[in-house]
Amino acid sequence: MFIEIIDVIISGLINGSVYALMAVGLTLIYGVSKAFNFAYGSFYSMGGYIAFLLFGISFFNNYLIVFCLAAPVLLIFGFFIEKLLVAPLRKRDDWEVKVMMITLGLALFLDNSYQVVFGARMKSLPSILEGSFEMGEFILSYQDVVIFIFSLGGILIFRWFLNNTRTGMSVRAVAQNPAGAQIVGIPKEFVFAATFAISTVMVGMGGILLAQKYFITPAGGWDILVKAWVITAFGGMGSIKGGLYAAFIVGMLEAFVGWYFGMTWTLIALFAVLLTTLAVRPQGLMGKWG
Amino acid sequence: MEHKRITVFLAIIWGVVAILPLFFGSTNFIMHILIMCLIWSVVASCWDLIMGFAGIFSFGQVAFFVIGSYSSAIISARLGVPPVFSVFIAGIFTAGLGVLVGLPCLKLKGAYIALVTFAVHMILEPVLKGDIGRALGTGGARGILTIAPMNIFGYTFTSSDPIPYFYLLFLVAVVCSVIILMVIKSHWGTAFLALKDAEEFASCLGVSAFKYKLMVFALTSFLTGMIGGFYAHYVGMLSTRMLGIDLFVTLMIILVIGGVGKFPGAVIGAFITIAVNEMLSPLGSYRPIILGGLVVVLVLALPDGITGLFEKMFSEKKQGLSH
Amino acid sequence: MIKIHDLNAYYDDFHVLKNVSLEVGKGEVAVMLGPNGHGKSTVLKSICGLVEKVTGNITWSGEEIIGLGAEKLVNKGITYIAENRELFPEMTVMENLKLGAYSQSARPHEKENLEKVFSLFPRLADRRKQLASTMSGGEARMLAIARGLMSNADFLAIDEPSLGLQPNLRDEVARIIKEINTQGMTVLVVEQNIPQITELADKLYVLEEGKISFEGSREEALGDDHLKEIFLGM
C-alpha cells in the first residue's frame, strides 16, 4: 500500500512535469497573442515522428543528436505556420474563431498525413536510458527520471530565456502590454511568430520525451491537446506560473484517480475539477481578466 | 445582410431543394446524401446562430447532436414512445443539458467557453461507452444497432424509399430555418449584435447577457438534439464513431464555406460540403487530408464564405449601377 | 528636424486630422494646445508610426518617414511617450527601462542612457527592482518618460505628461523637459496644464477639429485674446 502510494506520487510528478512543459507552451501563445492553437497536439505527434525518422538513420541514432536536429526543424515549422496561416487572419474582427478553425483544419491535415505516411500502427522510440533503481519493492526506472529532469530543465531554460534575453523580454512585453511594446519599437508580428515557434518546439520536445513511454500514433496528440488545454484554463490562460501549478495538480489528480477508480475516470475527474474551479474562479487559478 | 434579403435568399434555397427529388428521386444513393444535407444544414445553422450571431464559441454542437440521437433512440426503445414524439423529448432533454452546459459558460470568455463545451464532447465518448452508458442502454462500444424507423399515423418511413423521409426532413429543416430567421430578425438578434460588439455597453442598456445567452443555448441545443433524433431513426444505428474529429471538422467546413454569422450561408455550406465529402470518399484515407487542407485554404481565401462572396458581388454590382 | 505637410489621419472611416502641417526645428520645443478629443494625440501618434491610416508627408532630417511602422521610427530616433504611460505592469523598473532600449540604435548606448536617466530621476534608481504596477501615478509617469529616453531618441513626442500628476510634480516634468532639451533633444509636447512648459516653447500650435488653427510664438499667442483665455489660462 505504502509503496503503491509512493509509485502513484512519482508517476504524478513525472507526468506533471511533462504536462507543465507542454501547457506552458500553449499558455504562452494565448498569453502573447490571444490565439488558440488546435493543432498543438499534432505538433506533439510531429516531434515523435521526426525523432522516429531520425532514429531510422543509424548515423543519428542518439537522443542528443535527435534533440539538436528536431528543435530547429520544429522552430522553423512553427514560425512559418504562424506567418502563413495565423498572421493573415489577425486583421479581421472575428480572427479568434478563424484561428481556431484554421488550426483545427491543420490538425486534421497533419494527423491524417501521419497516418498515410507512417501508417496507423504505433511507433516506438528506444528508451533514453535503460535500467532502473530498485529498493525492495520500490522501482524507479531511469527513463522516468530522465523524462522528469529533461522536462524541468526545459522549463528552466524557457524561464531563463523569458527573463534574461532580449527576445524573451519582448515576448513578455507583448503579453503584458501590446501597445507599450509597439511604442518601444518591438516588432509585434515577429514576436507572435517567435512565440508560436517556441511553443511548437516545447510541445514537440515533449512528444519526443513521451514517445519512448507512450508510443507515437497519428491521433495521439488529441489527448495531449485536451490535457494541455485543461491545464492552461485551470491555471489561468496566459499565466505561466498558474500553468506550472496546474500541471502538477493535474498530474497528481490523474495518477490518484487512475489508481483508485481506474483510468476511464481520469478525464471525467479532470473536467469535474476544471468546471468546479471555473465556476468559482472564471479566470482560472492565477489568470487575469482581459 | 438585411433581413429581407436573408428571407428571399432562404426562400430561393428551399425552393431549389424542394424540387431536387424530381431529378434525383430515382437514385436512392443521392436521396440519402440529400437527407444528410438537410440534417447537417440544421446542425450547422444552429452552430452559426450560437457562434456567428451570439458570439459564443460553443464547440459542443456535435456532442448535442449525438446526445439527441442517442436519447431519442433510447427513449423510443426503452419507454416505447413512438419516434415521432421521442425526437421532441430528445430535443427537450438536450436543451436541458444545453442549459446546464451554458450556465458555467455565462461567466466565461472566448477560449474558456470553447474548452468547456468541447469538454462535453470529449467526455461523451467515455460516458457512452462506459458503465453509465451501458446502464442507460447505449450499447457501450458496440453502439445501438436497431432503432425503430420513424412512423407517423401508421405510415412508416423506410430508408429503402427515401423520398417521403426527404420531404419530412425538408419540412423540419424549413421550420428550423424559419425559427432561426425569426430569432435573427427579432430583438434577440439585435441584442446579440449589441452583446457581440460591446458586451459592457449592451448590459448598460439593460440587455441581459445572461438571459439571452442561456436562451440561445437552450434553443440551439433543442433543435440540434431533435434533428439528432431524426437522424437516429433514419440511419437505424448509432455508435460513438460520430464523436471522431472528422465529423466535427466536416461541420466546421460547412460553416467555413457558408460563412460564419452569414445565415443562411450554413444551409448552402451543408449542401456543398456533404456532397463534396461524398464525392471524395473514393479517395479513402486521403479524404481527411484533403478536408483539412480545404479548411486551411478556405479560411484564408474565403474568409466570409460563399455568402460573403455573394454579398461582395452584390454590393459591387449595386455600386456599378449607381455610377 | 521634423516637418509635416498636409497630414491626414483616419481611425477606420473617421477622419481625425485634416491637412495638418507643422514643423519642429532641431533642438526646439514645440507645444501643441487644443481642446480634448480634437486629435492632438493623433498628431503625435501619426509621427511615431502608431496610426495605421495616414496620408501626407512627414520628413525627418529630410527623409520621408510617413507610413513607416513604429519599429523603424524608434530605430531612427523618433519616440512616443504615451499619455496613459503604457508601461509593462508585471515587470520591474529596470526591465521597463531595458525594453525602452529595445531598438537596434539604442542598444549600444544602453549603459550611458541608463546613467543619464538615473541622474535625471534619482527616485527610479532607488526603485529599480520594483514592479511597475505597484508604482504611484507620479512615479509611473517618470518611468514612462525615462523609458522613452532610453531609446536614445533625437525627437520625443510627449503626450499630456501632466495627466494624473499632482500639481507639485508638474514643475518636475517641466524641469525635465527643459533639461533634456538643453542636451539637444527636439521635443513636441501636447500639454496645456503646465504653464512652465508653454514658456519653454519655441513655437505653439493650436489644433481644433483636426486642423491647425494657430501657429506662432508664445508672445503672438498671448496677443490673441481667444487663445489667451481658453488655452493659456491667463
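Glycine is treated like the rest: Cβ placed from N, Cα and C.
Taken from TrEMBL, the feature transmembrane segment applies to A:12-32 (among others).
Annotated transmembrane segment per TrEMBL: A:38-56 (among others), in sequence order.
The transmembrane segment feature in TrEMBL is assigned to A:63-81 (among others).
If you look up TrEMBL, you'll see A:101-120 (among others) marked as transmembrane segment.
Counting only same-chain residues 6+ beyond the ends of the transmembrane segment (A:141-162), those with a CB under 8 A from a CB of the stretch are 10-11, 13-14, 17-18, 20-21, 24, 127-133, 168-169, 171-172, 198, 202, 205-206, 209-210, 212-213, 240, 244. Positions annotated as transmembrane segment by TrEMBL: A:141-162 (among others).
Sequence-distant contacts of the transmembrane segment (A:190-216) (same chain, at least 6 residues past either end, Cβ-Cβ under 8 Å): 18, 21-22, 24-26, 28-29, 32-33, 35, 37, 40-41, 43-52, 66-67, 70-71, 74-79, 81-83, 86-87, 90, 118, 122-128, 143-144, 147, 150-151, 154, 158, 161, 167, 170-171, 174, 181, 224, 228. Under the heading transmembrane segment, TrEMBL lists A:190-216 (among others).
Panel annotation: around the transmembrane segment (A:228-253), residues 9, 12-17, 19-20, 22-28, 30-31, 40-41, 155, 162, 175, 203, 266, 269-271, 273-274, 277-278, 283-288 of the same chain, lying at least six beyond its termini, place a Cβ under 8 Å from a Cβ of the stretch. For A:228-253 (among others), the entry in TrEMBL reads transmembrane segment.
If you look up TrEMBL, you'll see A:259-280 (among others) marked as transmembrane segment.
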* Which listed stretch (A:38-56, A:63-81, A:101-120, A:259-280) has the most C-beta pairs under 8 A with the transmembrane segment (A:12-32)? -> A:38-56
* Leading stretch by Cβ pairs under 8 Å, where the reference is the transmembrane segment (A:101-120) and the options are A:38-56, A:63-81, A:259-280 -> A:38-56
